[in-house]
Amino acid sequence: MKAALLNPPSSLSNPSSSTRHTIRPTRSPSHISFSTSAASSASISSSSSPAPKPIVIVGSANADIYVEIDRLPLEGETISARSGRTLPGGKGANQAFCSGRLSLSDHATYLVGRVGSDAHGRLLEDSLGEGNAVRLDRLTRADSVPTGHAVVMLQPNGQNSIIIVGGANMNGWDDKLTEEDLVVVRGAGMLLLQREIPDWVNLQVAQAAKAAGVPVIMDAGGMDAPIPSELISLIDIFSPNETELARLTGMPTDTFEQISQAATKCHKLGVKQVLVKLGSQGSALFIEGEDTIRQPIIPASEVIDTTGAGDTFTAAFAVALVEGKPKAECLRFAAAAASLCVQVKGAMPSMPHRNSVIKLLQSIQ
């Protein structure tokens, strides 16, 4: 299988395969350190303390066209859907909305993105602005292209297949980001990226973040193409699922040992932390030079729809991390959020509120 992550610098072209990961499972905390509101954090801070830095997501916003089907159609076959509807989605919008729901009230979330001047764009603006969860100052309308959309084929077991049409996400950007966009990025406490927008946009904002000392998390979901070496070098935490990890490294990921070896390859290429989403097997955080942290899933009472679960996990991890929680606790918080997500249909509608996640964590201590 040919490696596809990037074209590494010559100094990294022959990485050693000797690096090993020692697995350190997470432990159930004796107490939950997450507060349910901003009150507890405000009570221990000075009134003159600066406001917490926001989480900034630069990414896609889609209208998700859901069709519920009994099975996927065969080649050349036409089948009937049991139902269909249009819901807000897109990896960037999903992560922003989830961050807004999970963050303390004094922690802002911004979405930097592009939508069209159409009904789908208005749907996204209205949904993201619900309850002032997401600051939309930098969600810009592109007049010449439609809003991006996706066709989500949902099967009875909750699994889905998705086809994405880029629209404004891919073609609504000017040649250079505005200074207003970059100011928001430089002032962030955490920057989240995905691959449903052009790589050059991700590169510009990652460069701005790096220069300002802002940590960068990249979710690997999106386009099926190599990641430019200039971009990968700016990422602090790279977060693929096992399928994406296999495709981008050109290595098998059928076993945990193989996943560990693929994560090691990412380390050799400059990514110090690799957060792998493993579906029913939970997740694992591979930190170069440190023990691997594993987190099992927190079982859902019923799996209704897995759409948005990966975005929920990534956003929840970022929310906990920007609050200064230990990484093992960040993984546990993310696992609980993802467990709640899969129990509701739709991407954004399934994103849990902070109180619900904390109650679930308290119930399983």
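Our numbering is plain: 1 for the first residue shown, then up by one each step along the chain.
In case you wondered, yes, glycine gets a Cβ from its N, Cα and C as well.
Annotations in TrEMBL come from automatic prediction, not curation.
What TrEMBL lists as compositional bias 'Low complexity' is 1-18.
Annotation source TrEMBL lists region 'Disordered' at 1-34.
The domain 'Carbohydrate kinase PfkB' annotation in TrEMBL covers 55-353.
The substrate binding site feature in TrEMBL is assigned to ASN62, ALA63, ASP64, GLY90, LYS91, GLY92, ALA93, ASN94, GLU196, ASP311. With a cut-off of 8 Å between CB atoms and residues at least 6 apart in sequence, the same chain places GLY59, SER60, ALA61, ASN62, LEU111, GLY113, LEU124, SER127, LEU128, MET348 near ALA93 (substrate binding site), listed in sequence order.
Taken from TrEMBL, the feature ATP binding site covers ASN241, LYS277, LEU278, GLY279, SER280, GLN281, GLY282, GLY310, ASP311. Cβ neighbour count for GLY282 (ATP binding site): 18 (other Cβ atoms within 10 Å of its Cβ, all protein chains included).
With a cut-off of 8 Å between CB atoms and residues at least 6 apart in sequence, the same chain places ASP64, TYR66, LEU87, GLY89, ASP305, THR307, GLY308 near GLY346 (K(+) binding site), listed in sequence order. The K(+) binding site annotation in TrEMBL covers ASP305, THR307, CYS341, VAL344, GLY346, SER350.
Of all the Cβ atoms in the protein chains shown, 32 others lie within 10 Å of the Cβ of ASP311 (ATP binding site). Positions annotated as active site, proton acceptor by TrEMBL: ASP311.
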Please report the Cα separation of ASP311 (ATP binding site) and LYS91 (substrate binding site) in Å, rounded to an integer. 6
Which one is it, among the binding-site residues LYS91, CYS341, SER350, that lies nearest to SER280 (ATP binding site) by Cα separation? CYS341
Sorted by position, what residues of the same chain at least six away from CYS341 (K(+) binding site) have a C-beta under 8 A from it? GLY308, ALA309, THR312, SER350, MET351, PRO352
Grab the ATP binding residues from the record (ASN241, LYS277, LEU278, GLY279, SER280, GLN281, GLY282, GLY310, ASP311) and give me their largest CA-CA distance in Å. 17
Long-range same-chain neighbours of LYS91 (substrate binding site), Cβ under 8 Å, sequence gap at least 6? GLY59, SER60, GLN194, GLU196, ASP219, GLY221, GLY222, ASP311
